[in-house]
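First comes the structure, then the notes that go with it.
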Amino acid sequence: MLNNKNKEETLSFDARKISVDSRRAVEQLLNRRKESFDDKVARRASAAAAPLAAWVRANVSYSRVLERITPLEQEQANLRRNLQAAEDNMNRLATGLDDVDKQVALLRDQLSVSTREASEIEIGLKKARQTLSVSQNLVLELADEYDRWRLQLEELEQDRQNVAFHALLAAAFINFLSCSTEDERKNSLSRWLTQLKLSQHANITETGNENEEVIFSLKNFLTSEQELMLWRSEGLAADDLAVDNALAITQGTLYPHILDATGKSIQWIMTHFKSMTVETTSQRDERFANILDLAIRFGKIIIIQDVDAIDPILFPILRNDYVIQGVRKLVRLGDKLVDWNDNFRLFLFSQSTGVAPMASPQANALVNTINFNTTEAGLSEQLVALTVKHENPELEQRKKQLLEQEEQLKLQLAQLEEKLLQTLGNSRGNILENTDVLTSLRQLKQSSATIGQSLKESLALQYSLEKERSTYNELAQFASRLFFAIRELSKLNHCYQFSVQAFMQIFLKNLDSKNVIESGPEKLGFIRQRLLKTVYTMVSRAVFKPDKMVVAAHIVREMCGHIIQPNEWELFVGQKSARTQSNQIQLPSWIDESRLLSVSALKAVFPSIFAALHLEDTTLWSKSSTPIPPAISQALSPFQQVLVVQAIYPEKLIDVLTQFLSRTLELTELFPATSSLRTILNETCAAEPILVLLPGDASGAYDMTVELEELARDTLGDNRLIEIAMGTDETEKAAEFVRQAAQNGHWICLKNVHLVTGWLPVLDRLINQLSGEESDDLHVDFRLWMTAEPVSTLPLSLLQRCKKIVSEAPQGMKRNLNRIMEAWNPSTLPGSPIHMQALFVLAWFHAVVQERRNYVPQGWLKKHEFNESDLRAATEVLGQAFREIDDSGNRWEYVNGLLLNVIYGGRIDNSFDLRILRSYLVQYFNDDVLGKERFAINDEITIPLSKSLRDYATIVRHLPETDKSSYFGLPPNIDTTVQYNQSIYLSACLKAFYQATAQPVAGDAKLLMNKLSPVFSTWKSLLQGTSFLTNKDLVSSLSENMQSNPLAAFVLAESALAVRLIHIVHHCLAAINRSLKSGLPLSVSLMESAIDISSFKTPKSWYTLWEGPLQVEQFLRSLVKRARALTEEWLPSVQKSQLLTNVLDLSELMNPEAFFSVHRQHSARELGISMDSLQLLVLWDKPSLSKGQSRASAEITATLNGIHIQGARMASGVGIDECYPDTPSWNLIPHCYLSWLPVEDVKSSRTNGLHTVKVPLYVDEERQRLITVLDIPFACGMIDDWYRAGIALSLKD
């Protein structure tokens, strides 16, 4: 290519300077390499070579002409000299006129010839000058193209040099980055470019006023503008993510597994391949194998939806395992071979919102996962466009037109350049003499210049429009963050799925700001707050009660993160803990010792906050009417106050956190009331099903059947609602009913669809067909209602499509009774006052046993599934009793027996809850209560003897909104207990939820090491000062002398288990640490343990050896605590035969349940009698020989300490008392003295004058592992009162 200097020399070149030898040498070269200077050959070599070749030929021709002209010019000069001489001669020879005339005639003839030749020379010279002028103009006119082509040539040269690297990057991008998000793709690509050392070869492109460095672009490398325009016309999104994914689909060699929550990629695929037959199916379809068979045979395109795991029938296809039989190519499909058609294409599709590897590594290697899911930035851009379209539609339309115009202009410019090159290449002869070609070139050049100028103006206008659109960026980014915040809730429960389409519809509705601020930042702020409230309400009604606080906290974390300082949230959810030894913290006496670890963590992570609390000032804290004294709270941020309450007063956390969340979200009600079905109906359309989620254990479910029937009757009329209880045999009938209902505008309710999850993809496709744009089968009044339990097998596509609502009974006695009485038909109510009174008492009883579930495990040990069917059955029993039994005593015995043993008692699986149920039945259904005027059902409420429904409705109307503990017979401090349990549950849920959001995968050793490092540090600090690892014979050396004594053998076995488990834990942690540091792969068992530990869970391999705490750090602390106590206290005491003379803490044992049987065996051996003749004696005062015990029996008495009681107080051995409102949930009780004695000795040793209640003793406060039952005396109340109080004992650790 010519540089500037050569170009100037070419333009000013003088052909006269060409020597004959030079011209002849060039002519010889032209003759010898004639084909190289041919226009077509030169054009193929380079677009600029053909004009240069023509220029060389022109200069050679011009030189040849100059050579011929030179003698003529010389001859002309001679003639002129001769003419002058002749004239001179004529004057001298005037006398010889005749001769002169002859000479003149001759000279005139010569002059004529010379003049003619001179004219020809002048014409040639003029033509040469014109040719030179044309060539100069042509060079000037093509200067821009020359510069552009030169740059393109440089780019092509650079691309030629890097084509191998770019091909490598493209292949790696398609195969390894297609599954990643857009940000992850950019980061990985940048890292690869650095490793390939390509960053110094960057191309610089100008976009607006910003310079953007483009080193490698998959779009630019593998596609063209024409192809991009075609894809966009087919419905593909214009963003780079969609284009890159389309390239991965069309250029990849593996079968694509597409992740797209919106489903738009399927529409593009169907449009892109519309020339072929495209079918959609599901692996759960009964005809799946047949559909696949036909698609392979006839070369169809098949899209398989909802693919979370690959059916084994697909593996031969994915592996391209062909069987060649002669000219036939076949593939195995199940148990047969199918003819292979090369036109067959397979697309696997999933609506998953995240990239989760399939269960089979083999499956992952056979497919190319392509992630179409939008990113936060991508959704923000879509929301900006939606906002501009709503707020300023002209602006968005103008932008759309400009983008289309820009694409058209670019395409036209490319076409003109191609046409220009074709014109230059197709010209014949001397291009400088071809007027038509030159005119055409000039016109093309003018058009190109016009298009280029229009393109610049379009880009400038786009930049100004983008600045105007940027005013909506903040709102769109807020909304995008909000959507991704609620999308993560699926980690809390699989059914908490929310689609982008539904969210954008809500966003669009909230843009309608009528009757508010017209414009400006205030309007956008109003829309933002209203959007938050609307979305929160939608999410809140779709999640279960226990999860609502987690949802609110998560939304605050994501949307208002600026008010939370670094590490505060991690401490709140349990991802930060104390790195120092907890015994370095000295707690004041007014703080419960169980808060030691929490306060230690607060001090370790935030020493400045801890110092500002002044916990040593007991007076300041004890006199404060608020959880935190005002003088201290002023120095703390709102969230720091939550952290302090969580550490010191967990029973007050829920109230404080609720206030914080409400203020932060600017919500008047954090937990809005459950929306009615009528409200949901008004928010839906015929194409949007309504899914009613039922609690998994059905304990708090609310039967919406009656409400749905009434709503259907009010909306459509009678007999317009079809209800189907789903089962395997009902699927075909249900599909047909759905089709008919969609056409006729009826409603259909499919109950318990979780029982037919394999059929649900068929239902989803049916809804797609009915709601398609080309379908006329969907009536505007049609509604599809479904009920389901939250199982993980429900299809994502169906969950995202549905409007969801949770079916939970309204909380509280008042709402519960109102719901029951609303279902009563006045015409069927009993006419007898006592029957009506008994019916209301039954409703009260039903509400009590249901609402008592809110106090698990103190109310009930578990959430029993009491529901409306139990109430209906009990109502029928009550009616039958009044119809058939006249004697009231027998009547209530009959009712109590059926309710206790069949209807309600049939749902209870433990004796402790059964005795509570019996106490309620005895309290409510007896002659002392029913049939009496104004009998007291509790201390505050009296029930009239009336047959009027209005009298009972009055009682319910005057009930408070918040239940009182006296309604259930629970102690006054039950609210404190409930809040404490709720705070524990909340902390566990938050910890599990946020651990799930950052779960490391098997190959991410760095992330895994970061998560395990705190556990390694904790374990190291726990083992400091111990000899468990160095002294391996610590326990085995004592075994020979201690096996004969049952207690000694038990303590030895417990110690051996603790020490052995410490070794197992240490070897496991050490192996994981070594492997991660060295980069070696972990074994399967070690990887499972590492994943569990990174999730703060106790590994299964540890838990199977000892059922300790489920939280790994608590497990380690409890294990070391027990090992130290057993080896340092229990074993030495056993060696000295002094174990039973010491005060024992059973929480220091690995398996405290076994202690009582071992103690019984030891007592039988010491007393020399059989174990069956021994009975447990429990005393709460120190026994003495004066109470009838022998010295031997006194020596086998075990003294227990560290036992806590819930539901009562026990300050001394006299007995238990009722709790006060401020009584802690769990209280330490006096020492307990246990003896296994003969039955007669036990009877003589009982505490005289006091009744006893059998109280269960559990391993922990969750009441999951029962140890035994202890007799505790009580001086006040009835035994049933203590049962209803939910009294229990625990070895609180």
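Glycine too: its Cβ is placed from the backbone N, Cα and C atoms.
Just so it is clear, the model here is predicted, and its values are computed rather than measured.
Of the given residue ranges 7-41, 182-216, 392-426, TrEMBL assigns the label coiled coil to 392-426. Feature annotation (TrEMBL): of 69-103, 944-978, the stretch labelled coiled coil is 69-103.
Sequence-distant contacts of the coiled coil (69-103) (same chain, six or more residues past either end, CB-CB distance under 8 Å): 110-111, 114, 117-118, 121, 124. Highlighted: of the candidate stretches 13-191, 837-973, 1013-1290, 837-973 has the greatest count of Cβ pairs under 8 Å to the domain 'Dynein heavy chain region D6 P-loop' (699-806). Residue counts for the domain 'Dynein heavy chain AAA lid' (837-973) by DSSP state, with H, G and I taken as helix and E and B as strand, are 81 helix, 4 strand, 52 coil. If you take every residue in the domain 'Dynein heavy chain region D6 P-loop' (699-806) and average the pLDDT, you get 85. Counting residues of the domain 'Dynein heavy chain region D6 P-loop' (699-806) by DSSP class, helix then strand then coil, yields 50 helix, 20 strand, 38 coil.
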